[in-house]
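> Dropping a structure here in structure tokens format, bear with me for questions.
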């Protein structure tokens, strides 16, 4: 008889958050005092004076957890086809992120006219940017939510404010209603992407984890492009902007429903003590031939842990500080490179050199999508570190072209080609590494015990730096001039490339447990 599956399939409450969702702390009972779950046979290992139980559906045939095994057994590795549907459902979050980022670009003028704030630049700016505030709030709590109720339920929870917020935005007749809807959407935008990075990293076979991680960036690009296409009729059809918001509710609803049939993260289940369910999910993701080696590898890396999740304060000292430093610095450098300012204000910059705004948006979208597809192909061939450092160097060179192109009085029409070409090359270089790699790399280098909270912290840094860079970009452009500002951005990209070369570990083809061991040995 198949063991009963609990918690994560049964509702929003899950048994991982001590004293709240589980009803008790796992730390209140010693490991040895807990009875086996589901009648599964137990085996005990003694290592470094710590007893570790290894439940299994077939303990007699289980490989010794002392043996340093890879997640792939001898012969062919796990098939990518089994985990692909689960990853595709997870990337709907990234599609929604891109869609909501661009959904108000085309309809903003119509929205302001219909809701009565036409000409109010402050109100128009709030409609666009209030999502950032909501995203910061959602991101800040994403780690606790993902650890508390599991990755699957966190996806469903992130879809809820996106559905409600989109509906409010579509139905509202006031500025206040629009701001409320956009803020709710922002909370879902902040909660979803960190969970998507966690989930994709934890359910993907090592051989295709980089490729799957690139799906996040590709889905974001597709979301932006679809939002621009959906918004095209807004000037010809009255109140079409309401349809644009209703469309956003469709993928959010699909994801919430589809997650009922997706696998839960085996790492999260194992951390919660639900080892039988972890085996079942590994079987669903990797196939039955790879369950034992996957569980042995997971057990080896988790040996000696008490199963409790860490507090945020514990991330800043001890053995976790190094990976937190790498993660927060990478996301800060990513935003300080000026990438989101380039996206947000590309139309303004292109108009300044005589290029129409609609052509600018299309060109930027094509560059971003093209680079993301190339990154998907190369991620598991060249590796994360090569793509990341090369990407930052390419961005530095592209910003250099814009510095030269800003000198119009000497270059004449040539400056237009340098400015436009430099901006497109900047976006292309970003999408090759600096865009997709941090969201993939950081869940790989964070130990299972801190992964969710560490991602929440690093993504929160991303949103804070993003907000301030976007807020100050136009003012700095006016006060410093394009040559000085673009020189600063170029210098940041060079610093980022040096940082990557010195501090970032290559994770290509390694299991999460092998990466964790390598980082511990490097300290």
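Glycine is treated like the rest: Cβ placed from N, Cα and C.
Bear in mind that the values here come from a model prediction, so they are computed numbers and not experimental data.
TrEMBL lists these features:
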| type | residues | note |
| --- | --- | --- |
| REGION | 1-42 | region 'Disordered' |
| DOMAIN | 86-508 | domain 'Major facilitator superfamily (MFS) profile' |
| TRANSMEM | 122-142 | transmembrane segment |
| TRANSMEM | 154-173 | transmembrane segment |
| TRANSMEM | 179-200 | transmembrane segment |
| TRANSMEM | 212-234 | transmembrane segment |
| TRANSMEM | 321-345 | transmembrane segment |
| TRANSMEM | 357-379 | transmembrane segment |
| TRANSMEM | 386-404 | transmembrane segment |
| TRANSMEM | 416-442 | transmembrane segment |
| TRANSMEM | 454-477 | transmembrane segment |
| TRANSMEM | 483-500 | transmembrane segment |
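Neighbours and distances for these, please.
Note on the transmembrane segment (122-142): residues 100-101, 104, 108, 111-112, 154, 158, 161, 175, 178-179, 182-195, 452, 455-456, 459-460, 462-464, 466-467, 470 of its chain, located 6 or more positions outside it, place their CB under 8 angstroms from a CB of the stretch.
Remote same-chain residues near the transmembrane segment (179-200) are listed as 86-87, 90-91, 93-94, 96-97, 100-101, 104, 126-127, 130-143, 145-146, 151, 154-155, 157-162, 164-170, 172, 209, 212-213, 215-216, 245, 248, 252, 265, 439-440, 442-443, 451-452, 455-456, 459, 463 (criterion: CB distance under 8 Å, separation of at least six residues from the stretch ends).
Only residues 6 or more beyond the boundaries of the transmembrane segment (212-234), in the same chain, are considered here, and those with a CB under 8 A from a CB of the stretch are 83-84, 87-88, 91-103, 105-107, 110, 193, 196-197, 200-201, 204, 240-241, 243-244, 247, 361-362, 365, 368-369, 372-373, 375-376, 379, 431, 435-437, 439-440.
Counting only same-chain residues 6+ beyond the ends of the transmembrane segment (357-379), those with a CB under 8 A from a CB of the stretch are 105, 210-211, 213-215, 217-218, 221-222, 224-225, 228, 343, 346-347, 349-351, 387, 420, 423-425, 427-433, 435-437, 440, 508.
Long-range neighbours of the transmembrane segment (454-477) within the same chain, counting only residues 6 or more positions beyond its ends whose Cβ lies under 8 Å from a Cβ of the stretch, are 129, 132, 135-136, 139-144, 146, 190, 193-194, 197-198, 312, 315, 320, 323-324, 327-328, 330-332, 334-336, 338, 340-341, 344-345, 348, 442-443, 446, 485.
Counting residues 6+ beyond its ends, the transmembrane segment (483-500) has Cβ neighbours under 8 Å at 329-330, 333-334, 336-338, 385, 388-389, 392-393, 395-397, 399-400, 402-403, 406-407, 434, 473, 476-477 in the same chain.
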> Over the domain 'Major facilitator superfamily (MFS) profile' (86-508), what is the model's mean pLDDT?
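When the pLDDT values over the domain 'Major facilitator superfamily (MFS) profile' (86-508) are averaged, the result is 88.
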